[in-house]
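One structure is given below, encoded as structure tokens.
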């Protein structure tokens with residue numbers, strides 16, 4: 001009886017560890033209780049070995065897919081039911097159920113004749129084999145089949161698939177379809193109903209469940225009104241203790257000027273009159289902040305602002321030594337002129353070409369004489385006539401012609417000539433410590449730099465900047481000003497009209 005099953009196609013279930021095997025029965029050993037399959041498939045993938053032998057101990061279930069009777073050329077198919085066995089072969093039907101050995105032969109159904117034209121019989125409802133299904137899908141979709149690493153490495157290097165002749169190709173294909181198919185063609189032809197599937201999803205119920213399960217504290221986890229949410233952790237830049245409310249008006253003067261300014265951080269900086277400003281400088285000089293120290297501090301701050309206006313690190317680099325910026329410095333015979341000369345000295349030390357204009361006078365201030373002696377050692381150019389100023393536009397014009405007290409200088413010819421040259425030159429103008437007067441300024445400035453506290457400058461003074469000249473806090477208090485430094489980490493800050 002065992003010889004009658006040779007050549008039949010069977011499916012063997014060896015449990016979750018070994019998996020499923022399909023193949024053609026090549027031999028059945030009743031004594032050793034073994035069965036061998038040739039050309040086996042393991043879980044739908046062809047094995048690399050030509051034959052596999054199974055013991056009855058490892059077999060959980062055996063199904064006969066097709067019985068071939070080579071004597072009369074008739075092929076019989078049996079219904080794939082669980083527990084089918086090969087005649088003459090005894091194996092375990094259920095390893096864990098405690099049943100005895102089942103040696104009863106399977107009832108063979110009547111043979112179904114094949115169609116002679118190669119077509120399938122009406123009762124043939126088995127799907128195609130694993131390999132043919134993938135080959136046909138690849139041909140219809142226009143892409144190649146991609147093997148995984150296990151199936152690719154399991155094949156030999158020189159293994160070549162043998163070609164099948166035309167007469168046997170149709171029969172083998174039909175047998176593979178009956179044995180190894182799984183009916184995927186019908187599934188692939190069906191279109192997925194996205195709208196119908198989306199209608200089954202209850203979005204409101206899902207979000208309601210998420211909110212109820214992931215609620216933190218008094219507020220929702222991710223959805224809801226942000227006002228209702230309570231933060232559970234502090235940020236790395238957030239203080240645990242409550243901070244005091246910010247006071248933006250930290251500088252209070254006894255007599256507020258005509259204008260008020262504000263910094264970038266919102267602090268209010270009121271302007272003061274020239275008389276109060278003069279009292280602050282005089283009080284600071286009594287405590288040791290002499291005129292020479294004030295000139296040096298003003299020159300440093302003004303030069304830093306000028307270097308920034310000239311381009312800063314983008315302009316002043318070793319690669320741009322052939323394009324050094326040029327600054328024209330217009331100074332008068334007063335303290336404001338000495339501040340400009342100090343600024344020019346620092347600019348010349350930073351590889352800036354400085355042209356200093358200062359009219360000739362019989363007697364100069366001691367501060368101007370000292371600053372000129374230092375400026376002459378920098379290599380800068382000093383002229384006393386407007387005709388010697390550059391004819392071409394320069395990069396920056398620094399205006400120090402005006403004085404807070406000597407307003408009669410505006411009537412001098414050298415003053416008018418220098419002011420006309422500055423207005424005709426296309427370079428922007430920076431005014432250092434400009435005065436406050438009822439008269440219109442002779443030189444229209446783009447920027448104005450004030451010292452300590454700003455003066456109520458007119459609109460023609462341009463954008464106002466404030467520099468720290470080192471006046472202590474208690475000096476302001478002694479003249480009636482409640483002062484808190486608005487500079488922060490800088491020495492020069494911009495001011496905005498409040």
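Heads up, the Cβ atoms here are built off N, Cα and C, so glycines get one too.
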Q.
Which range is it, out of 211-231, 232-252, 253-273, that shows up in TrEMBL as region 'Disordered'?
A. 211-231
Q) If you check TrEMBL, which stretch out of 9-41, 42-74, 75-107 is marked region 'Disordered'? A) 75-107
Q: Please work out the mean pLDDT for the residues of the domain 'DFDF' (180-216).
A: 74
